[in-house]
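J.: These came from TrEMBL, pasted as-is:
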ACT_SITE  His89  active site, proton donor/acceptor
BINDING   Arg134  substrate binding site
ACT_SITE  Glu161  active site, proton donor/acceptor
Amino acid sequence: MRLNGIIQSLGALSCGSLVTYLTMRFIDRTSYLSGDGDEGANEIKSKWIYNWDQRGPNEQKKMVHSLSQESNPSMSKSVARRHIFLVRHGEYSDEHERPGYLTDRGRAQAARTGRRLSEMGVSWDYVVASTMPRAMETAMIILKQINFDPLKLKRCDLLCEGTPYPADPPQNRNPRHIQQAYQRDGPRIEAAFRRYFFRAPADQEQDSYMLIIGHANVIRYLVLRALQLPPEAWLRLTLHHGSISWITVAPSGLVSVRSLGDAGFMPINEMTHRKPKQTNKQ
């Protein structure tokens, strides 16, 4: 079918590109709505792109080999999996004496999250946090629980909170402000995805474990991008403060979610997902 040929060609030429990815999603959606294709209008037509990170073993051998690499993901020489844990910061409040820092409950949440991560018995290869105060404070609390050297903590501005993509359903905000926020934050958050999401290199023999401490909007976008799902759906996901999401990147290029927004290790009275409502001081 001609449409499928166009999709495969676009994926082979630039499957790691967000622009190509969104173009493919648009073509799939248009085909679905029009009922075009022999498979029927109710069948999902988009296919998984195995070489989404452009790190297949034949990438250095020119594009002539890319199509065969896409059709046979088992050609990958990598044997290790990359496990990426995404933790949302604890509850914070603008009423705090230091605006943007954790509340008492937020610090308790961070401590519980750290204990949960410690119980997993993981040897962390890499820990990175957003540079915003609430994320950094959460990170420092967690590092004590997992016995990770604070000097090895990486700080990354790409992970700061923002508007990753115009949401559908839309946010209850001025459309012009949403567009401005997306133009400011979208490329940065997409750059964070490309920096941290990829397959293990061919010489990596053991599974690796990365811990990222950041923000709800960013985490939601990263999860959708990793699963090759429409990025405009990010607002449909809710993440509790201190929650843990676990993503595994297989050598073949397949990506799976082990858990999303896990906060079941917290008492119900400590579970929150919004900033506390401001109170009028007398």
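Counting begins at 1 with the first residue displayed.
In case you wondered, yes, glycine gets a Cβ from its N, Cα and C as well.
Note: TrEMBL annotation is automatic and uncurated.
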J.: Measuring Cα to Cα, how far is the residue listed as 'substrate binding site' from His89 (active site, proton donor/acceptor) in Å?
T.: 6
J.: Output, ordered by sequence, the same-chain residues six or more apart from Glu161 (active site, proton donor/acceptor) with a CB under 8 Å from its CB, or 'none'.
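T.: Spatial neighbours, sequence-distant, of Glu161 (active site, proton donor/acceptor): Ser130, Met132, Gly214, His215, Ala216, Asn217, Val218.
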J.: What count of other C-beta atoms do you get within 10 angstroms of the C-beta of Arg134 (substrate binding site), across all chains shown?
T.: 28
J.: Long-range same-chain neighbours of His89 (active site, proton donor/acceptor), Cβ under 8 Å, sequence gap at least 6?
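T.: For His89 (active site, proton donor/acceptor), the qualifying residues are Leu102, Gly106, Ala110, Ser130, Met132, Arg134, Ala135, Glu137, Thr138, Ile213, Gly214, His215, His241, Gly242.
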